[in-house]
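Report on the structure given below.
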């Protein structure tokens, strides 16, 4: 894979999978504080 | 007053919503769309579309369902009486889609079975269109194909059984099994695909950015189209599903989780598909441009070729791939069918059982047409017209109606903020009031221009396209208006009256 392809894989992955994990962890954090 | 069904847990709702969004399009539409529209550079318009249209629209539909607590026709009718027909239009679009979705799942079930013996042989396209579908001339129906009809009946028995079991014990439980299983199966597929020889070259083709494409307007339209069709927006599904949320449920973060969850699966599918295509390109010596395809042919012609080329455990790989398609399809079909089950139940004041048997039964009977020898051409035609002139147009009408005519965004924003962890600001109203209508409107104009100036779709007979394309797509809109004429039982559209009754009932329960 070329450097630019790897860069797009990393950027896309971080934003999309990071967005999912961030939203899930935030929901868990808020749920814990509410308890 | 009958209590409204509710999800058992937040996870149950999220899995059901993601199960609806994650469908066949994630696996066979996204990878080819990204490749044809700039490769890695496609992520820029794609993410922009997700954040400016996909997630804002999801939040809007979740809020409408959560606030007005009804099926799409009832909820939209409670926003403003004149909007009920948009809800019925969307419900009828879902009804049409459900009739052919079952047939594709039936194909996937048969191909899961065929994978073990690689029954398709070396000529995979010939097997699919000839031996399996027994395709006849475009425009003709021919006889029924038993190898499609039998799994189709199984699909409908399963789906109607799940719907009969209700929201919590049926839809939620099914998705709690299907979605984690789908994630595990697909992870195995992706790990296997990226460890095949040539996979790195395939991934390079997928992620290599072509920055010149980013200035092309059609690439942006493709990105918005992908987000729009992939997230089950404008189908009446998300309004119906969110109407089963408890009153204090979060809305905004649930929309972020659903949106990013759907995109996460799409990205994973792109990696799996292009890893496998890279392997095929290397083992057969073909150019990438020759083998990259989207849609039905990627799954039922190209993938069997990849399976043929695999060195070990090819049958198991094939089974996992087609089982994934089956699970993704089933979870989406359940959600699509729930829209009309809920709509019919509320409008005609019948039991859920009667609604499932009437609505689902009619859809199941109509779906038999797709088990005929002319099924693929019929499916291709109906799918093209109902998506381009049904889903997209109904979505545009919905957002324009709520944002521009009812001026309801501020009210919905206040409702979402009253229950959500993430607070909505002016950006949300700006995305829905300006960006989304403009992009969807441009998409519609471009579709119509292509229709007028281009050749008839796929070269099919014009009369056939008119009867099964235009009439079906526009018929859904008109029939929606006709159903709207019937009065609601118990003045159900009177939101203020019903919300006060619900509040007083809540107080009685609390006492």
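Every residue gets a Cβ built from N, Cα and C, even glycine.
TrEMBL labels come from automatic prediction, so no person has curated them.
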Correct range for transmembrane segment (source TrEMBL, candidates B:293-312, B:353-372):
B:353-372
Return yes if the transmembrane segment (B:140-165) and the transmembrane segment (B:85-110) have at least 3 CB pairs under 8 Å (sequence gap of 6 or more), otherwise no.
yes
For the transmembrane segment (B:353-372) and the transmembrane segment (B:316-341), does the number of C-beta pairs under 8 Å, pairs 6 or more apart in sequence, reach 3 or more?
yes
Determine whether the transmembrane segment (B:85-110) and the transmembrane segment (B:384-406) share at least three Cβ pairs under 8 Å, counting only pairs 6 or more apart in sequence.
yes
Criterion met for the transmembrane segment (B:427-445) and the transmembrane segment (B:177-199) (at least three Cβ pairs under 8 Å):
no
I'm a bit unsure how to read this: which one of B:12-31, B:43-64, B:177-199, B:219-244, B:384-406 has the highest number of Cβ pairs shorter than 8 Å with the transmembrane segment (B:465-485)?
B:384-406
